[in-house]
């Protein structure tokens, strides 16, 4: 691995042609194994104007093609238990501290319902199906609770009855619980850091950023791929975004969901303006510069924030996306997503994890 240095310019050229050349040179170095520094990543945030941001996206797309190929990882999710969550995440409408106006409340869905939705997701083209539950996490469940056993049984059913790989997002968990999920058939688990370590206390106080990191480490120790990302548009600074991406690089996660905050009424962040689509594109592209081999996943908010520009994200470094509906909001149809991929010369399927891609 080529070691990082500060030899590259840290201020992008203002001239369009010079900027394009500078970005392509940096992209080529990253493709060859160079790890971009924080100073260089921050310099990319100084690029301004739609035309020049698109040049940044073009360079990020070159990195994606060289390091990941043209296959777009497709997954779908199901909210298996919703509402009355004990945590106070400012962005989430499922919190008991500030329930959103459009957040459903229900207990654990039946195994049959979950398996049927897994089959439907597979039929729609998804290759992975993630079981998502509210709450701080499995490690805090009562010893008398049967929920984990029910989830394990459902995961096993999905592996045998549906042509799709089961994933889970069940909050914090112990190493032993991670090992049990692995044995049941879970190969990837979603547990986002959400934000940088510095910004995190401004959006959540009922648990810590370090708590979340511990779970990611437990997943990796159990041999489960970490699907770990965050949210853009919560009022964080560019430096916060860079720090988040660098933390994900340090943790060597496999898949990185990039959520674009779609402010929900009733939540503490409900008053925030929606993120500018070109700022979102810039963030996506910079994440690709920092995380050249990781799966970068369009997650919540892509339709609401990107609108007609969402296809540009797939030319800015994205090589994965959720299809179908989200936890408490609706997404566009899988057929629309498949048509979008085809128009861009991309194919849905399973994208390679870091170190797997062979050109």
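Every residue, even glycine, has its Cβ placed from backbone N, Cα and C.
What you are looking at is a predicted structure, and each value in this text was computed from that prediction instead of being measured.
As given in Swiss-Prot:
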BINDING   85, 89, 92  [4Fe-4S] cluster binding site
BINDING   130, 167, 227, 297  [2Fe-2S] cluster binding site
DOMAIN    67-302  domain 'Radical SAM core'
Open item on the list: With Cβ-Cβ distance below 8 Å and at least 6 positions apart along the chain, what are the contacts of residue 167 ([2Fe-2S] cluster binding site)? List them in sequence order.
Closed with: 75, 128, 129, 130, 131, 186, 187, 188, 189, 190, 227
Task: Between residue 297 ([2Fe-2S] cluster binding site) and residue 92 ([4Fe-4S] cluster binding site): CA-CA distance (Å) - done: 19
Task: Segment-level pLDDT (mean, integer) for the domain 'Radical SAM core' (67-302) - done: 94
TODO: Could you tell me which of these binding-site residues, 85, 89, 92, 130, 227, has the greatest number of Cβ atoms within 10 Å of its own Cβ?
DONE: 227
Open item on the list: Between the Cα atoms of residue 297 ([2Fe-2S] cluster binding site) and residue 89 ([4Fe-4S] cluster binding site), what distance do you get, rounded to the nearest Å?
Closed with: 21
